[in-house]
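Database features, via Swiss-Prot:
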type : residues : note
SITE : ARG20    : site 'Transition state stabilizer'
SITE : LYS27    : site 'Transition state stabilizer'
SITE : ARG170   : site 'Positions MEP for the nucleophilic attack'
SITE : LYS229   : site 'Positions MEP for the nucleophilic attack'
Amino acid sequence: MSSTRIPVIALLAAAGRGTRLGGPIPKAFVTLRERTLLERSLQAMLTSESVDEIIILVSPDMETYARDLLRKRGLLNDPEGVRIRLVHGGGERADSVWAGLQAILLDDATPDAIVLIHDSARALTPPGMIARVVRKVHEGATAVIPVLPVSDTIKRVSLDAGVVVDTPNRAELRAVQTPQGFLLSELVAANKKFFADPNPGFIPTDDASLMEWYGADVVCVQGDPMAFKVTTPIDMMLAQRITDEAEPTIFEVPGD
């Protein structure tokens, strides 16, 4: 748990259907070596010793399943002094995050609280990376994202004709991961503005893009290849191989 007086609250997104993974259940509840992706993401948050509360965003039809699962694992009894609770997510990611923020606001959280938003499908995220994001917000950043350099050449393509428009300079491009960290007051203000606008002009694919739209500076920290998102069957094969070979070391806390 965080030793600072400023609370750190994590929103763990687990409401997505995960159709690209090809399974019959939401991907957060897909099992990887006897533990669901949700459990693994939750454990990484706990092991990071950086959070005071974790809010799991689930679809209403999965709430009972999720609650029973976490209760069996002893994860609803404030493990390590961290409060864990379930909140209904929405149809889109932005809706789920807004539901989580409203739950935080109902608890009268301090405006300078730190909010982490994390994809449960990034189940092998190292705890040290989580701590790194939190630390950067503590240092004064309003919005923080973990990133990695891209190795592929990226093309911008016209959506209608499928023709290459240009080739961005790869040195300026980064692949963005989660958890992303934010100052609560600024994240709430950005969401209020977005949901009040009948025509915001875009659909945010992550929370940092919403903060960019709002006008906030988004600061980057070093990401980690282990924080990849389990989205497709190939991703799951990779995650299985990694856990088969490196399970005992995945949740060790690096000294960074």
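Glycine is no exception: its Cβ is also placed from the backbone N, Cα and C atoms.
Bear in mind that the values here come from a model prediction, so they are computed numbers and not experimental data.
Distance noted between the C-alpha atoms of ARG170 (site 'Positions MEP for the nucleophilic attack') and LYS229 (site 'Positions MEP for the nucleophilic attack') is 21 Å. Neighbour counts of Cβ atoms within 10 Å were taken for the recorded sites LYS27, ARG170, LYS229; the minimum is at ARG170. Distance between Cα atoms for LYS229 (site 'Positions MEP for the nucleophilic attack') and LYS27 (site 'Transition state stabilizer'): 11 Å, as a whole number.
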